[in-house]
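Have a look at the structure below, then the notes.
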Amino acid sequence: MRTEWIAKRSGHKNVSQMHYGRQGIITEEMNFVAQRENLPAELIRAEVARGRMIIPANINHTNLEPMCIGIASRCKVNANIGASPNTSDITKEVDKLKLSIKYGADTVMDLSTGGGNLDEIRTAIINASPVPIGTVPVYQAVESVHGRIENLTADDFLHVIEKHAQQGVDYQTIHAGILIEHLPLVRSRITGIVSRGGGIIAKWMLHHHKQNPLYTHFDDIIEIFKKYDVSFSLGDSLRPGCTHDASDEAQLAELKTLGQLTRRAWGHEVQVMVEGPGHVPMDQIEFNVKKQMEECSSPPLNALDLDPLASNANEQMEKFNVLGPAPFYVLGPLVTDIAPGYDHITSAIGAAMAGWYGTAMLCYVTPKEHLGLPNAEDVRNGLIAYKIAAHAADIGRHRQGARDRDDELSAARYNFDWNRQFELSLDPERAKEYHDETLPADIYKTAEFCSMCGPKFCPMQTKVDADALTELEKFLAKEKEVVTQS
């Protein structure tokens, strides 16, 4: 689909959507996104130009169906897949991709660390994927030196980053925000550093006593991303791994650096989103979203004494010609740490709140989080939990049309249209399965009850006649008149 679109850009030094957006050009990708989101194409262009929205669309991912991530659009959900050294292969990973898309993933990240040839796995995933694919290049960098992190050089990192870009990866998590001076700040934490990529960079810095090479070579990464229109997903290496560690000095120090890197990328017209925590108590979620918005804008919003969550925030930001804030992309956050096996629930609670406050994309968490590699059923449960969270956030933010499907399903429920209820469900197969568990015969698909209330006690059988309501209103009016006169 995109081959002809991309051919027109041949020879351009910067092919990013942000670059074209700032020139006033509405790209084919922007038009496609506008139709998907039911938003004006000019709004999409303006949001991308300001850095408030990204369209992750590598020029080498030609079978991509473009989508957007930003506060002006629907809240999105990412699913993680990937082979490990002990399990999985190419076929299994492509199957996981298809399953993720089936259950509503808007983007998919390939987090493979082993299980075969990583380049072949990634290529197969990209070739099979109509949704954007993200990666964490430091994983393959470590694999290339057989796990000897101390042997990695800046060139090793850059080589892998460019390879991923050439293959068609749409966004890459770059752990450039963790600095050597941040490392002592984790001393008081219970869980230390829980980001795999962040842990790799931390070990490298501790061994060499040198600054993070992804930070010192950030401009080189920008040049790579310009050529292929790869979006930055700035990794939060110091995200909290438990509620005790949330919003601490280490996390906020890195966030400030991520804001600086965001502005540097924008200076070269490269797209950016910023990753966030993690494990956060409910009372700190609003603070975390607000803090990211403040830091990852140009200029930083706290310098303007501007509240990004105020009802007139967008109007004020336009008044001061503010760029951003960059889209926020959070993992969860989990609001409690005591429910292993149920962390798709503990995190979906936090995800719904984060989305309501303005987070643009939610990274799903499966029931296997902290316990093991998820299987197909775990992926399904995690994705549905997060589709619920994202949809609830859209309703809470009063996005245009967000509640239409809810209203349609409610009408079908009231009319006992069981098949229509199943069709409108986020997981039609599960809804039908639960209904048919006790009432499997086809005749019950038109029955005016389910097995909860049975045929005699369902309150929705009480259909209030319009004429009866009119008569009742007349009666109540007369009663009120009598009371008034007395």
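Placement of Cβ uses the backbone N, Cα and C atoms for every residue, glycine included.
On its own chain, Ser195 (substrate binding site) has His175, Gly235, Asp236, Ser237, Leu238, Arg239 as residues at least 6 apart in sequence with a Cβ closer than 8 Å to its own Cβ. The substrate binding site annotation in Swiss-Prot covers Asn80, Met109, Tyr139, His175, Ser195, Arg196, Gly197, Asp236, Ser237, Leu238, Arg239, Glu275, Tyr329 and rests on sequence analysis.
According to Swiss-Prot, the Zn(2+) binding site annotation covers His279, His370. Close to His279 (Zn(2+) binding site) in the fold, though at least 6 residues off in sequence, lie Pro240, Gly241, Cys242, Thr243, Asp245, Ala246, Gly332, Pro333, Leu334, Asp337, each with a CB less than 8 Å from its CB.
In the three-state DSSP reading, Cys450 ([4Fe-4S] cluster binding site) counts as coil. The [4Fe-4S] cluster binding site annotation in Swiss-Prot covers Cys450, Cys453, Cys458 and rests on sequence analysis.
When Cβ atoms from all protein chains are considered, those within 10 Å of Tyr139 (substrate binding site) total 21, not counting its own. When the Cα of Asn80 (substrate binding site) is compared against those of the binding-site residues His370, Cys450, Cys453, Cys458, the shortest separation belongs to His370. Taking every protein chain shown into account, Asn80, Ser237, Cys450 are the binding-site residues, and of these the Cβ with the most other Cβ atoms within 10 Å belongs to Ser237. Tyr329 (substrate binding site) falls within a strand when secondary structure is assigned with DSSP. Look at the binding-site residues Cys453, Cys458 and count other Cβ atoms within 10 Å of each Cβ; Cys453 has the fewest. Ranking the binding-site residues Cys450, Cys453, Cys458 by Cα distance from Gly197 (substrate binding site) puts Cys450 first. Recorded residues His370 (Zn(2+) binding site) and Tyr139 (substrate binding site) have their alpha carbons 19 Å apart, per Cα-Cα distance.
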